[in-house]
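The structure appears right after this line, and notes come after that.
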Amino acid sequence: MITGLELPLRDDLDLLLEELRLLLANIDVEVVAVSTQKKDRPDPAFLLGAGKVDELKILAHASEADLIVCNDLLTPIQLSNMRRKTDCEVWDRALVIMKIFERRAATAEAKLQVDLARCRYEMPHIRGLGKQMSNAGAGIGTRGPGETEFERHRRKLQARIVEASRKLEEMKKRRQGQRKQRRRSGIPTVALVGYTNSGKTTLLKRLSGDKKLYAADQLFATLDTAVRSVRLPSGKNILMADTVGFIRELPPELIAAFRTTLEEACQADMLLVVLDANDPDLTATYDVIQQTLDEIGAAALPRAVVLNKVDRSGLFRVDRIKAQLRRDGLPVCALSALTGEGVENLWGVFDWLAVRRS
Ligand SMILES: Nc1nc2c(ncn2[C@@H]2O[C@H](COP(=O)(O)OP(=O)(O)OP(=O)(O)O)[C@@H](O)[C@H]2O)c(=O)[nH]1
Ligand SMILES: [Mg+2]
(Lines of atoms letter the chains of each structure in order from A and count residues from 1; the text may use other names and numbers.)
(Lines give C-alpha, C1' and ligand atoms only; values in the text may rest on other atoms or scores of the structure.)
(Ligands and ions follow the chains in the order given, each with its own letter.)
Protein backbone atom coordinates (compact mmCIF):
# COMPACT_ATOMS: atom_id res chain seq x y z
CA MET A 1 0.00 0.00 0.00
CA ILE A 2 1.33 3.47 -0.77
CA THR A 3 0.63 6.71 1.00
CA GLY A 4 1.69 10.33 0.86
CA LEU A 5 0.96 13.81 2.05
CA GLU A 6 -0.75 16.43 0.00
CA LEU A 7 0.89 19.62 1.26
CA PRO A 8 -0.15 23.16 0.30
CA LEU A 9 2.87 23.69 -1.98
CA ARG A 10 2.79 20.27 -3.57
CA ASP A 11 0.69 19.92 -6.68
CA ASP A 12 2.36 16.88 -8.19
CA LEU A 13 1.44 14.21 -5.65
CA ASP A 14 -0.32 12.08 -8.28
CA LEU A 15 2.78 12.08 -10.44
CA LEU A 16 4.99 11.23 -7.49
CA LEU A 17 2.73 8.37 -6.44
CA GLU A 18 2.65 7.02 -9.98
CA GLU A 19 6.42 7.12 -9.98
CA LEU A 20 6.52 5.42 -6.58
CA ARG A 21 4.36 2.65 -8.02
CA LEU A 22 6.84 2.26 -10.88
CA LEU A 23 9.78 2.27 -8.49
CA LEU A 24 8.14 -0.49 -6.48
CA ALA A 25 7.39 -2.52 -9.60
CA ASN A 26 11.14 -2.48 -10.20
CA ILE A 27 11.65 -4.47 -7.02
CA ASP A 28 8.60 -6.67 -7.64
CA VAL A 29 6.35 -5.01 -5.08
CA GLU A 30 2.75 -4.69 -6.19
CA VAL A 31 0.63 -1.79 -5.00
CA VAL A 32 -2.83 -2.90 -3.85
CA ALA A 33 -4.09 0.32 -2.28
CA VAL A 34 -3.37 4.05 -2.23
CA SER A 35 -4.36 6.43 0.52
CA THR A 36 -3.30 10.06 0.84
CA GLN A 37 -3.95 12.85 3.27
CA LYS A 38 -4.27 16.59 2.82
CA LYS A 39 -2.46 18.45 5.58
CA ASP A 40 -0.94 21.88 6.17
CA ARG A 41 2.24 20.44 7.56
CA PRO A 42 3.67 16.99 8.36
CA ASP A 43 2.90 15.56 11.78
CA PRO A 44 6.17 15.17 13.76
CA ALA A 45 5.11 11.88 15.33
CA PHE A 46 3.64 10.03 12.34
CA LEU A 47 4.02 12.33 9.31
CA LEU A 48 0.32 11.72 8.66
CA GLY A 49 -2.26 12.47 11.34
CA ALA A 50 -2.62 9.81 14.07
CA GLY A 51 -6.23 9.14 13.02
CA LYS A 52 -5.12 8.62 9.43
CA VAL A 53 -2.52 6.11 10.55
CA ASP A 54 -5.26 4.09 12.29
CA GLU A 55 -7.19 4.21 9.04
CA LEU A 56 -4.10 2.96 7.15
CA LYS A 57 -3.90 -0.02 9.48
CA ILE A 58 -7.50 -0.98 8.72
CA LEU A 59 -7.05 -0.43 4.99
CA ALA A 60 -3.82 -2.44 4.94
CA HIS A 61 -5.59 -5.28 6.68
CA ALA A 62 -8.58 -5.14 4.34
CA SER A 63 -6.42 -5.11 1.21
CA GLU A 64 -4.04 -7.73 2.60
CA ALA A 65 -1.07 -5.41 2.33
CA ASP A 66 1.87 -6.19 4.59
CA LEU A 67 3.95 -3.20 3.60
CA ILE A 68 3.16 0.51 3.74
CA VAL A 69 5.35 2.73 1.59
CA CYS A 70 5.34 6.41 2.29
CA ASN A 71 6.17 8.79 -0.54
CA ASP A 72 7.73 11.27 1.89
CA LEU A 73 10.95 10.90 3.80
CA LEU A 74 10.23 9.58 7.31
CA THR A 75 12.27 10.53 10.36
CA PRO A 76 13.45 7.59 12.47
CA ILE A 77 10.79 8.42 15.07
CA GLN A 78 8.01 8.60 12.46
CA LEU A 79 9.15 5.33 10.95
CA SER A 80 9.15 3.40 14.21
CA ASN A 81 5.87 5.00 15.34
CA MET A 82 4.22 4.09 12.04
CA ARG A 83 5.49 0.52 12.26
CA ARG A 84 4.22 0.14 15.80
CA LYS A 85 0.84 1.68 15.18
CA THR A 86 0.06 -0.15 11.93
CA ASP A 87 1.68 -3.54 12.66
CA CYS A 88 3.04 -3.33 9.12
CA GLU A 89 6.48 -3.04 7.67
CA VAL A 90 6.97 0.63 6.70
CA TRP A 91 9.36 2.07 4.11
CA ASP A 92 9.85 5.54 2.71
CA ARG A 93 10.70 6.60 -0.84
CA ALA A 94 14.42 6.88 -0.07
CA LEU A 95 14.51 3.27 1.10
CA VAL A 96 12.74 2.08 -2.05
CA ILE A 97 15.28 3.82 -4.30
CA MET A 98 18.06 2.45 -2.14
CA LYS A 99 16.69 -1.08 -2.59
CA ILE A 100 16.61 -0.68 -6.37
CA PHE A 101 20.19 0.52 -6.33
CA GLU A 102 21.14 -2.47 -4.17
CA ARG A 103 19.59 -4.80 -6.67
CA ARG A 104 21.20 -3.15 -9.69
CA ALA A 105 24.71 -2.55 -8.40
CA ALA A 106 26.97 -4.79 -10.44
CA THR A 107 30.48 -3.39 -10.22
CA ALA A 108 32.60 -3.21 -7.07
CA GLU A 109 32.37 0.57 -7.10
CA ALA A 110 28.60 0.72 -7.43
CA LYS A 111 28.25 -1.88 -4.67
CA LEU A 112 30.45 0.15 -2.34
CA GLN A 113 28.54 3.32 -3.09
CA VAL A 114 25.22 1.68 -2.40
CA ASP A 115 26.54 0.16 0.80
CA LEU A 116 27.81 3.53 1.94
CA ALA A 117 24.47 5.15 1.21
CA ARG A 118 22.63 2.42 3.09
CA CYS A 119 24.87 2.75 6.17
CA ARG A 120 24.45 6.52 6.19
CA TYR A 121 20.72 6.15 5.86
CA GLU A 122 20.60 3.66 8.73
CA MET A 123 22.79 5.65 11.11
CA PRO A 124 20.15 8.11 12.39
CA HIS A 125 17.62 5.31 12.43
CA ILE A 126 19.63 3.19 14.84
CA ARG A 127 20.16 6.26 17.01
CA GLY A 128 16.41 6.33 17.48
CA LEU A 129 16.49 2.60 18.08
CA GLY A 130 19.25 3.04 20.65
CA LYS A 131 17.15 5.45 22.63
CA GLN A 132 14.32 2.98 22.72
CA MET A 133 16.61 0.10 23.61
CA SER A 134 18.36 1.90 26.42
CA ASN A 135 15.10 3.27 27.78
CA ALA A 136 13.69 -0.20 27.83
CA GLY A 137 16.69 -2.13 29.02
CA ALA A 138 18.72 0.00 31.38
CA GLY A 139 18.33 0.80 35.03
CA ILE A 140 19.73 3.99 36.61
CA GLY A 141 23.44 4.36 36.02
CA THR A 142 23.88 1.02 34.27
CA ARG A 143 24.72 0.22 30.72
CA GLY A 144 21.69 -1.84 29.90
CA PRO A 145 21.81 -4.79 27.53
CA GLY A 146 19.93 -2.68 24.98
CA GLU A 147 22.58 -0.04 24.96
CA THR A 148 25.47 -2.41 24.34
CA GLU A 149 23.59 -4.11 21.51
CA PHE A 150 22.94 -0.69 20.00
CA GLU A 151 26.55 0.37 20.51
CA ARG A 152 27.78 -2.75 18.76
CA HIS A 153 25.47 -2.16 15.83
CA ARG A 154 26.55 1.46 15.62
CA ARG A 155 30.24 0.60 15.72
CA LYS A 156 29.77 -1.97 12.95
CA LEU A 157 28.01 0.57 10.75
CA GLN A 158 30.67 3.17 11.49
CA ALA A 159 33.42 0.72 10.53
CA ARG A 160 31.63 -0.10 7.27
CA ILE A 161 31.30 3.59 6.46
CA VAL A 162 35.01 4.21 7.06
CA GLU A 163 36.06 1.19 5.02
CA ALA A 164 33.76 1.93 2.09
CA SER A 165 34.79 5.59 2.05
CA ARG A 166 38.47 4.63 2.03
CA LYS A 167 38.06 2.23 -0.89
CA LEU A 168 35.95 4.72 -2.81
CA GLU A 169 38.57 7.39 -2.26
CA GLU A 170 41.14 5.11 -3.91
CA MET A 171 38.83 4.50 -6.86
CA LYS A 172 38.21 8.22 -7.13
CA LYS A 173 41.95 8.90 -7.40
CA ARG A 174 42.21 6.35 -10.17
CA ARG A 175 39.32 8.00 -11.98
CA GLN A 176 40.87 11.42 -11.61
CA GLY A 177 44.04 10.07 -13.18
CA GLN A 178 42.07 8.73 -16.13
CA ARG A 179 40.27 12.01 -16.48
CA LYS A 180 43.51 13.97 -16.54
CA GLN A 181 44.78 11.71 -19.27
CA ARG A 182 41.64 12.32 -21.28
CA ARG A 183 41.98 16.05 -20.81
CA ARG A 184 45.58 15.97 -21.96
CA SER A 185 44.51 14.15 -25.09
CA GLY A 186 42.49 17.26 -26.02
CA ILE A 187 39.46 15.20 -27.00
CA PRO A 188 36.24 16.89 -25.92
CA THR A 189 33.99 15.01 -23.53
CA VAL A 190 30.22 15.11 -23.58
CA ALA A 191 28.25 13.79 -20.60
CA LEU A 192 24.81 12.29 -21.01
CA VAL A 193 22.54 13.32 -18.16
CA GLY A 194 18.84 13.00 -17.57
CA TYR A 195 16.02 11.20 -15.91
CA THR A 196 16.29 7.48 -15.35
CA ASN A 197 14.91 5.46 -18.29
CA SER A 198 15.11 8.41 -20.70
CA GLY A 199 17.42 6.47 -23.03
CA LYS A 200 20.94 7.71 -22.24
CA THR A 201 22.59 4.32 -22.47
CA THR A 202 20.66 3.42 -25.63
CA LEU A 203 21.96 6.61 -27.22
CA LEU A 204 25.55 5.89 -26.21
CA LYS A 205 25.15 2.36 -27.53
CA ARG A 206 23.99 3.67 -30.88
CA LEU A 207 26.62 6.39 -31.19
CA SER A 208 29.60 4.33 -30.03
CA GLY A 209 28.47 1.05 -31.54
CA ASP A 210 29.27 -0.75 -28.29
CA LYS A 211 26.57 -3.42 -28.07
CA LYS A 212 27.70 -4.57 -24.65
CA LEU A 213 26.41 -1.49 -22.83
CA TYR A 214 23.40 -2.36 -20.69
CA ALA A 215 20.20 -0.50 -21.56
CA ALA A 216 16.87 -1.79 -20.28
CA ASP A 217 13.34 -0.82 -19.49
CA GLN A 218 14.08 -0.48 -15.79
CA LEU A 219 14.67 2.40 -13.45
CA PHE A 220 18.36 2.85 -12.68
CA ALA A 221 19.68 0.34 -15.18
CA THR A 222 22.97 2.22 -15.16
CA LEU A 223 24.80 2.82 -11.89
CA ASP A 224 28.29 3.37 -13.25
CA THR A 225 29.96 5.78 -15.53
CA ALA A 226 30.86 4.37 -18.91
CA VAL A 227 32.98 6.45 -21.24
CA ARG A 228 33.08 5.55 -24.92
CA SER A 229 34.65 7.09 -27.95
CA VAL A 230 32.28 8.37 -30.63
CA ARG A 231 33.49 8.97 -34.17
CA LEU A 232 31.91 11.94 -35.92
CA PRO A 233 31.32 11.97 -39.69
CA SER A 234 33.99 14.69 -39.91
CA GLY A 235 36.52 12.07 -38.77
CA LYS A 236 37.00 13.75 -35.39
CA ASN A 237 36.44 11.81 -32.18
CA ILE A 238 34.69 12.86 -29.03
CA LEU A 239 34.28 11.03 -25.73
CA MET A 240 30.87 10.43 -24.32
CA ALA A 241 30.12 9.59 -20.69
CA ASP A 242 26.97 7.86 -19.51
CA THR A 243 25.92 8.29 -15.87
CA VAL A 244 23.38 7.36 -13.21
CA GLY A 245 19.92 8.64 -14.03
CA PHE A 246 18.18 11.27 -11.94
CA ILE A 247 14.81 11.06 -10.25
CA ARG A 248 12.53 13.29 -8.22
CA GLU A 249 13.67 13.41 -4.60
CA LEU A 250 16.76 11.29 -5.02
CA PRO A 251 17.78 10.45 -1.43
CA PRO A 252 20.60 12.74 -0.25
CA GLU A 253 22.57 9.73 0.97
CA LEU A 254 22.59 8.38 -2.57
CA ILE A 255 23.62 11.68 -4.12
CA ALA A 256 26.48 11.83 -1.62
CA ALA A 257 27.56 8.26 -2.27
CA PHE A 258 27.30 8.53 -6.05
CA ARG A 259 29.00 11.87 -6.10
CA THR A 260 32.10 10.51 -7.83
CA THR A 261 30.01 8.95 -10.55
CA LEU A 262 27.96 12.09 -10.95
CA GLU A 263 31.08 14.22 -10.86
CA GLU A 264 31.95 12.68 -14.15
CA ALA A 265 29.19 14.90 -15.48
CA CYS A 266 30.77 18.03 -13.98
CA GLN A 267 34.09 17.31 -15.67
CA ALA A 268 32.71 17.22 -19.18
CA ASP A 269 32.98 20.01 -21.74
CA MET A 270 29.32 19.81 -22.43
CA LEU A 271 26.13 18.17 -21.21
CA LEU A 272 23.65 16.39 -23.38
CA VAL A 273 20.40 16.43 -21.46
CA VAL A 274 18.31 13.47 -22.60
CA LEU A 275 14.55 13.87 -22.27
CA ASP A 276 11.84 11.36 -23.06
CA ALA A 277 9.49 13.10 -25.52
CA ASN A 278 6.60 11.07 -24.07
CA ASP A 279 7.13 12.28 -20.51
CA PRO A 280 3.74 13.63 -19.33
CA ASP A 281 5.34 16.45 -17.35
CA LEU A 282 8.52 17.49 -19.10
CA THR A 283 8.74 20.84 -17.35
CA ALA A 284 8.80 19.20 -13.92
CA THR A 285 11.34 16.66 -15.14
CA TYR A 286 13.56 19.37 -16.55
CA ASP A 287 13.39 21.17 -13.19
CA VAL A 288 14.53 18.01 -11.40
CA ILE A 289 17.46 17.66 -13.79
CA GLN A 290 18.36 21.30 -13.28
CA GLN A 291 18.20 20.89 -9.49
CA THR A 292 20.37 17.78 -9.54
CA LEU A 293 22.90 19.49 -11.81
CA ASP A 294 22.98 22.38 -9.34
CA GLU A 295 23.64 19.98 -6.50
CA ILE A 296 26.59 18.35 -8.26
CA GLY A 297 28.01 21.66 -9.45
CA ALA A 298 27.44 21.05 -13.17
CA ALA A 299 24.73 23.60 -13.88
CA ALA A 300 26.99 26.10 -15.61
CA LEU A 301 28.26 23.76 -18.34
CA PRO A 302 27.10 24.40 -21.91
CA ARG A 303 24.27 22.07 -22.80
CA ALA A 304 22.08 20.80 -25.56
CA VAL A 305 18.86 18.86 -25.23
CA VAL A 306 18.14 15.53 -26.86
CA LEU A 307 14.44 14.92 -27.24
CA ASN A 308 14.48 11.14 -27.38
CA LYS A 309 11.96 8.41 -28.24
CA VAL A 310 10.36 10.46 -31.01
CA ASP A 311 9.43 7.16 -32.69
CA ARG A 312 6.78 6.80 -30.01
CA SER A 313 5.64 10.39 -29.94
CA GLY A 314 3.41 12.44 -32.22
CA LEU A 315 5.07 14.92 -34.55
CA PHE A 316 2.91 17.75 -33.31
CA ARG A 317 3.90 17.14 -29.71
CA VAL A 318 7.59 16.92 -30.60
CA ASP A 319 7.44 20.20 -32.53
CA ARG A 320 5.69 21.93 -29.67
CA ILE A 321 8.28 20.81 -27.10
CA LYS A 322 11.12 21.67 -29.45
CA ALA A 323 9.77 25.17 -29.94
CA GLN A 324 9.41 25.69 -26.22
CA LEU A 325 12.94 24.53 -25.42
CA ARG A 326 14.33 26.71 -28.18
CA ARG A 327 12.49 29.67 -26.73
CA ASP A 328 14.41 28.95 -23.53
CA GLY A 329 17.60 29.31 -25.57
CA LEU A 330 18.54 25.62 -25.67
CA PRO A 331 19.80 23.83 -28.77
CA VAL A 332 17.50 20.84 -29.32
CA CYS A 333 17.78 17.64 -31.36
CA ALA A 334 14.77 15.38 -31.73
CA LEU A 335 15.71 11.77 -32.38
CA SER A 336 15.17 8.14 -31.57
CA ALA A 337 18.12 6.40 -29.98
CA LEU A 338 16.35 3.11 -30.55
CA THR A 339 15.66 3.36 -34.30
CA GLY A 340 18.41 5.82 -35.15
CA GLU A 341 15.98 8.27 -36.71
CA GLY A 342 17.25 11.84 -36.48
CA VAL A 343 20.59 10.93 -34.89
CA GLU A 344 22.42 12.85 -37.61
CA ASN A 345 21.01 16.05 -36.09
CA LEU A 346 23.50 15.59 -33.29
CA TRP A 347 26.59 15.88 -35.46
CA GLY A 348 26.17 19.62 -35.82
CA VAL A 349 26.17 20.03 -32.05
CA PHE A 350 29.33 17.97 -31.67
CA ASP A 351 31.13 19.73 -34.50
CA TRP A 352 30.35 23.01 -32.84
CA LEU A 353 31.86 21.63 -29.63
CA ALA A 354 34.95 20.26 -31.34
CA VAL A 355 35.59 23.63 -33.00
CA ARG A 356 35.07 25.43 -29.71
CA ARG A 357 37.60 23.20 -27.98
CA SER A 358 40.33 23.43 -30.58
N1 LIG B 1 10.73 3.58 -28.26
C2 LIG B 1 11.91 3.96 -27.85
N3 LIG B 1 12.43 3.40 -26.76
C4 LIG B 1 13.66 3.80 -26.35
C5 LIG B 1 14.38 4.80 -27.06
N6 LIG B 1 15.55 4.99 -26.40
C7 LIG B 1 15.54 4.15 -25.35
N8 LIG B 1 14.42 3.43 -25.31
C9 LIG B 1 14.04 2.41 -24.34
O10 LIG B 1 13.92 3.00 -23.05
C11 LIG B 1 14.37 2.10 -22.05
C12 LIG B 1 15.44 2.76 -21.19
O13 LIG B 1 16.58 2.98 -21.95
P14 LIG B 1 18.03 3.17 -21.29
O15 LIG B 1 18.95 3.53 -22.40
O16 LIG B 1 18.39 2.02 -20.43
O17 LIG B 1 17.74 4.45 -20.38
P18 LIG B 1 18.75 5.20 -19.40
O19 LIG B 1 18.48 6.65 -19.53
O20 LIG B 1 20.14 4.74 -19.64
O21 LIG B 1 18.21 4.71 -17.98
P22 LIG B 1 19.01 4.54 -16.59
O23 LIG B 1 20.30 3.86 -16.86
O24 LIG B 1 18.08 3.75 -15.77
O25 LIG B 1 19.20 5.91 -16.04
C26 LIG B 1 14.86 0.86 -22.78
O27 LIG B 1 13.84 -0.10 -22.74
C28 LIG B 1 15.12 1.37 -24.18
O29 LIG B 1 14.97 0.36 -25.15
C30 LIG B 1 13.80 5.37 -28.23
O31 LIG B 1 14.34 6.23 -28.91
N32 LIG B 1 12.56 4.91 -28.56
MG1 LIG C 1 21.44 3.79 -18.49
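Note: Cβ is positioned from N, Cα and C throughout, glycine not excepted.
These come from TrEMBL:
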- 194-201, 220-224, 242-245, 308-311, 336-338: GTP binding site (BINDING)
- Thr201, Thr222: Mg(2+) binding site (BINDING)
- 154-181: coiled coil (COILED)
- 188-358: domain 'Hflx-type G' (DOMAIN)
- 132-153: region 'Disordered' (REGION)
For the domain 'Hflx-type G' (188-358), mean pLDDT (0 to 100): 87
Pairwise CA distance, Lys309 (GTP binding site) versus Thr201 (Mg(2+) binding site), rounded so that it is a whole Å: 13
Close in space, distant in sequence - Asn197 (GTP binding site), Cβ under 8 Å, 6 or more apart: Asp217, Gln218, Leu219, Ala221, Gly245, Asp276
Residues near Thr222 (Mg(2+) binding site) in space but at least six apart in sequence (CB under 8 A): Lys200, Thr201, Tyr214, Ala215, Asp242, Thr243, Val244, Gly245
Sequence-ordered binding-site residues from Ala221, Thr222, Asp224 with Cβ under 6 Å of an atom of ligand 1: Ala221, Thr222
Number of other Cβ atoms within 10 Å of the Cβ of Gly194 (GTP binding site) across all protein chains: 26
Least surrounded among the binding-site residues, given as Lys200, Lys309, when other CB atoms within 10 Å are counted: Lys309
Same-chain residues at least 6 apart in sequence whose Cβ lies under 8 Å from Ser336 (GTP binding site): Asn308, Lys309, Val310, Asp311, Arg312, Gly342, Val343
